[in-house]
Amino acid sequence: MISNQDNIIQVSAPGKIILFGEHAVVLEKTAIASALSLRTTVTFTPNTNNTLLLDFPDLAGFGVREWSLDEFKKLDHFPNDIDILKPIECSELFQQELNKIIDIKGIHTFLFLFCALTKCTKAYNIKITSDLPIGAGLGSSASFCVSICAGLLKAFDTYICGGCKQCIGGQGQQQQICNEQLNLINLWSLQGEKIMHGTPSGIDNAVATFGKALTFTRKNGYKILENGIPPLRILITNTRVSRSTKTLVEGVIQRSKLYPTLIDPVSNLIDTISSQCIESFNQYHTDKDYEKLQQTMDLMFDMNQHLLSGCYGVGHSSIDTIVSITKSLGFHTKLTGAGGGGCVITLLKQDTTIDQLSNLKLTLSSNGFESWEATIGDPGVSINILPIQK
């Protein structure tokens, strides 16, 4: 068998949206997150220069950088003694060492994962591209981390399963990944997320790894919806309004503490919306069921949006504007994630035409918003092995 170190490895992982339950999840309720058709793609090509070349065109001001592998090996606290099958956090001391090389958190994450998973024993040219806007709450960093981890583990034939038949495949085809290996990818990507976000929930990297959709509670963690969800069409719109997730979350918690008799019923209702959503997904079997599902989802979008904005107080005038525009054109919209700006999602109809979609996007654009069409319920991380052309 040809080693994967002699091949080009191309990996992609999806972004994510929160369908229902945002903010209620911090009050011990259920959130539903789904994988997006918008993905990050990472291509690993071996080189003979004893260097790590990173091409990251989507990261503003980064471009292409190249380092000698020896430069990393000489760093104090280099993660040489890490057991790859037992993911651990990047030490604060090694982060300080990486900061001497480059002062960008996202690149610290990449370099830690590269050093930990390869020990800098093989040189690569690595190119990262993404459909996902950075910093918009769509899981771009988790998609990035999962793609990096999956690719490096594959490149070095590192399998927690010992290399089961499911994980070993030939060239030119999409590789299968067993659940044990997916769990390893997920845990390593979480360590990368910690560098960028401190104490991430783990939702984003789980969605990017396993795909489809999952439920999440603070008490029980995440649970994958094994039946998946229907491939609903959505339009994601970026308000271009930055916000502090921490401040918004703290505001909801404060309201809950001050007015529990008012906020608790709201949280319970949002939890019921999540449950109704799952029940509707389970009742969907063919395209004939789409219209009924659409009606339910339209109602759930409207109700959840009103509760988030009016009762939790995480709305914003930009969100209200988008809700109003889309409603005038016959669509239903809710915020996704933290609110206070960020992104919103609009449910498209199964028969929404190209002209209708173009008109919707043009109207939003003329009001200063940027939007992307996507589907939800997409597959998780995928790996393709390609031979090097000689």
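Backbone N, Cα and C atoms are what each Cβ position is placed from, and that goes for glycine too.
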Taking LYS16, LYS246, LYS257 as the options, which does Swiss-Prot list with SER130, GLY135, ALA136, GLY137, LEU138, GLY139, SER140, SER141 at the ATP site?
LYS16
Using a 10 Å cut-off, grab the number of neighbouring Cβ atoms around the Cβ of GLY137 (ATP binding site), all chains included.
24
For GLU193 (Mg(2+) binding site), the three-state class that DSSP assigns
helix
Measuring CB to CB from ASP204 (active site, proton acceptor), give everything in the same chain under 8 Å that is also at least six residues away in sequence.
LYS16, ALA33, GLY139, SER141, ALA142, SER143, GLU193
Name the residues of the same chain, 6+ apart in sequence, whose Cβ is under 8 Å from the Cβ of GLY135 (ATP binding site)?
SER242
